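Among the features that Swiss-Prot reports, N-acetylmethionine is placed at MET1, with the record citing similarity to another entry. Taken from Swiss-Prot, the feature domain 'J' covers 12-75. The compositional bias 'Basic and acidic residues' feature in Swiss-Prot is assigned to 85-97. Annotated motif 'LXCXE motif' per Swiss-Prot: 142-146, in sequence order. For THR278, the entry in Swiss-Prot reads phosphothreonine. Sequence annotations record features per position, and here Swiss-Prot assigns motif 'Nuclear localization signal' to 279-286 based on similarity to another entry. Feature annotation from Swiss-Prot assigns DNA-binding region to 293-407. Per Swiss-Prot, Zn(2+) binding site is recorded for CYS453, CYS456, HIS466, HIS470. According to Swiss-Prot, the ATP binding site annotation covers GLY575, PRO576, VAL577, ASN578, SER579, GLY580, LYS581, THR582, on the basis of sequence analysis.
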Amino acid sequence: MDRVLSRADKERLLELLKLPRQLWGDFGRMQQAYKQQSLLLHPDKGGSHALMQELNSLWGTFKTEVYNLRMNLGGTGFQGSPPRTAERGTEESGHSPLHDDYWSFSYGSKYFTREWNDFFRKWDPSYQSPPKTAESSEQPDLFCYEEPLLSPNPSSPTDTPAHTAGRRRNPCVAEPDDSISPDPPRTPVSRKRPRPAGATGGGGGGVHANGGSVFGHPTGGTSTPAHPPPYHSQGGSESMGGSDSSGFAEGSFRSDPRCESENESYSQSCSQSSFNATPPKKAREDPAPSDFPSSLTGYLSHAIYSNKTFPAFLVYSTKEKCKQLYDTIGKFRPEFKCLVHYEEGGMLFFLTMTKHRVSAVKNYCSKLCSVSFLMCKAVTKPMECYQVVTAAPFQLITENKPGLHQFEFTDEPEEQKAVDWIMVADFALENNLDDPLLIMGYYLDFAKEVPSCIKCSKEETRLQIHWKNHRKHAENADLFLNCKAQKTICQQAADGVLASRRLKLVECTRSQLLKERLQQSLLRLKELGSSDALLYLAGVAWYQCLLEDFPQTLFKMLKLLTENVPKRRNILFRGPVNSGKTGLAAALISLLGGKSLNINCPADKLAFELGVAQDQFVVCFEDVKGQIALNKQLQPGMGVANLDNLRDYLDGSVKVNLEKKHSNKRSQLFPPCVCTMNEYLLPQTVWARFHMVLDFTCKPHLAQSLEKCEFLQRERIIQSGDTLALLLIWNFTSDVFDPDIQGLVKEVRDQFASECSYSLFCDILCNVQEGDDPLKDICEYS
């Protein structure tokens, strides 16, 4: 065992197996330790891949070498290496061999033969050891013949015992001597025949207890020798292999005519009886079909790996098996079943009141069709399938009730009303509602009774979405109230609004978008009452006092934002606190449609903040803070630094990636921006991105006018885009506007002119300049 592995490999293997050195060679314990370590070192169990690979390599080498050692070692030590020469006294005395001749007493070795020859001489002095030859000392014969011998011929008691047809080789051992080339044994034709009572010898592959050869008897015996099996006999006087260390004598087999004739007749009788017992089967003339007829393809389910259940099935097998299945299919409680013949086969069509899997039906039928072919499929169209299988070329044999009818498969149509999703989507699109929760709130409110609705009776301006759509959507809202997919319906409607808005941005020019926004504002102004009209005119008067020549300034700003020329499109509002910057920016966002962004946040959160600008006409960077303030009371911030890092966004020359949460990035031109900030110092790189800069100053009379007229603040007239739209139509002629809305502009101007004359508007303007309530001594607003 010390030669199986090198010393380093042996120590490494024992280390991996976690075994002490004294257990080297204990194959059982080593194998058990290998299994335990394999579970610990396997990569799938959390072990090391390298250690597992090393253990497998060493263990495989160890097993291979041990196997080769067992196969190759005999009386000569390792295969291909001559045994050491011992002293003559030791070799002749029959004592133990040298310490390096492993397994020297193994079966068939020279020491094994010597010991047993000495043993037999003690009991039988007449025993003669077989002669030794040069060939017999090379390799032991380990073949053991286990077939029973043929009965001896009683008429020839003096026949010479037959010997083996040569020495058998161990298939696992490579023979070093090529001169030994025994013929392979022939395969026996006949079955085993019983050994006669007179045969006392037997066995093979070594020395027998009686001292005879493998087919012979003891020398002093009186029994006649047995004939060798026919597949060991060789024709003529062909010389066979000689004796070896196992006790086989050199000789040759000679054929016996009687044995040959007896074996030939015995072989023929066995072959004849075997032929009569199992005659060859004829090939089936009509092979089993591979699928259902093509005329039934459209009515069957062709799913193979499906767990879906069905109430109707069609079984295809032989006629006899289908008849048997027709009688035993009651396990599934069929409501209807019929037996059909088709060519050489049959079909069973049945319907059940409960649904079953196809595999369950097929497994049940396969118990009765172990040999016959069987096919089973579910029927998706029972009535149509029944009409086909009961017509030619099919032949209806029997059925448990007179046919199937169409009325058995159709129920009276039940009128089930569902929520009209399209109607909800149209409602959201008409009112520009992109909030799913707001849409759901409106529709749940529409489920109330229209006659008793308080919101509809008041018809307030801020509730016009409700009282304009309540009666129209009341019936659909009742169905929506009991619907389980309310959130899904509202989310789809909101997505439709966003999709329509994005499509409009792609297809329309910015001038067309501005025209549409102005038209919506004019329509809202047209619906105002007299008191509300004066309130909006007060807001127009307040804005005209905010900046010098404010109508022209507003017109330039709208033109700048609409044309959207790269590097000539951004506007900066800079001034002290409470100077009107945020109010004007909010009104622009309301008029044009946009979002307000906060870029004073850290840079890692800026990406999602900028993503809000998707599909917007304009954005507002509100209250941007810088690092260097002209007013020492201002707090520093990161807004200006972030603006400096957004040059591609501010320029509008290239598309930038905008991303929102739970959605993919979208590449588009960043919209123009209106930036409001206090008195901070801007770097030159940021200053160059603004084409128009408006410096605001604090005007106490404007602040006092707002404080004295709380309705301007409560109704957010200053922050409304409708106020700026009214300012445009109040100060410009209709020719300035698009021809499509010139008629609406003239109509709204005439409406407001009828409510407020020019002299009355001048009084409102004077009140604002004096810091009084704009509507003082003009009207009482409540």
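Positions of Cβ are set from backbone N, Cα and C atoms, glycine also.
Distribution of Swiss-Prot features across the structure.
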{"residue": "CYS453", "record": "Zn(2+) binding site", "DSSP class": "coil"}
{"residue": "HIS466", "record": "Zn(2+) binding site", "DSSP class": "helix"}
{"residue": "PRO576", "record": "ATP binding site", "DSSP class": "coil"}
{"residue": "LYS581", "record": "ATP binding site", "DSSP class": "helix"}
Cα-nearest neighbour of PRO576 (ATP binding site) within the listed binding-site residues, CYS453, CYS456, HIS466, HIS470 | HIS466
Counting other C-beta atoms within 10 angstroms, the emptiest spot among the binding-site residues HIS466, HIS470, LYS581 is HIS466
Work out how many Å separate SER579 (ATP binding site) and CYS456 (Zn(2+) binding site) at their Cα atoms, rounded off.
-> 40
For GLY580 (ATP binding site) and HIS466 (Zn(2+) binding site), what Cα-Cα distance in Å is obtained after rounding to a whole number?
-> 34
For the domain 'J' (12-75), the DSSP helix/strand/coil residue counts are 51 helix, 1 strand, 12 coil
Of the binding-site residues GLY575, VAL577, LYS581, which sits closest to CYS453 (Zn(2+) binding site) by Cα distance?
-> LYS581
Among GLY575, VAL577, ASN578, THR582, i.e. the binding-site residues, the one with its Cα nearest that of CYS456 (Zn(2+) binding site) is THR582
Euclidean distance between Cα atoms of HIS470 (Zn(2+) binding site) and THR582 (ATP binding site), Å | 36
About how far apart, in whole Å, are the alpha carbons (Cα) of HIS470 (Zn(2+) binding site) and LYS581 (ATP binding site)?
-> 39
Cα-Cα separation of LYS581 (ATP binding site) and HIS466 (Zn(2+) binding site), in Å?
-> 34
Going along the chain, which residues six or more apart from VAL577 (ATP binding site) have their CB under 8 A from its CB?
-> ASN678, CYS698
Which one of these binding-site residues, ASN578, SER579, THR582, has the sparsest Cβ neighbourhood, judged by other Cβ atoms within 10 angstroms?
-> ASN578
Which whole-number value in Å describes the distance between the Cα atoms of GLY575 (ATP binding site) and HIS466 (Zn(2+) binding site)?
-> 41
With a radius of 8 angstroms around the mean position of the C-beta atoms of CYS453, CYS456, HIS466, HIS470, what other residues of the same chain does the Zn(2+) site pick up?
-> ASP445, PHE446, LYS448, VAL450, LYS455, SER457, LEU463, TRP467, ARG471
Neighbour count (Cβ, 10 Å) for PRO576 (ATP binding site) | 15
Determine which residues of the same chain, besides GLY575, PRO576, VAL577, ASN578, SER579, GLY580, LYS581, THR582, have their CB within 8 A of the center of the CB atoms at the recorded ATP site, and list them by sequence.
-> ASN678, PHE696, CYS698
For each of the binding-site residues (GLY575, GLY580), count the other CB atoms lying within 10 A of its CB, then report the residue with the highest count.
-> GLY580
Of the residues in the DNA-binding region (293-407), how many are helix, strand and coil by DSSP?
-> 39 helix, 43 strand, 33 coil
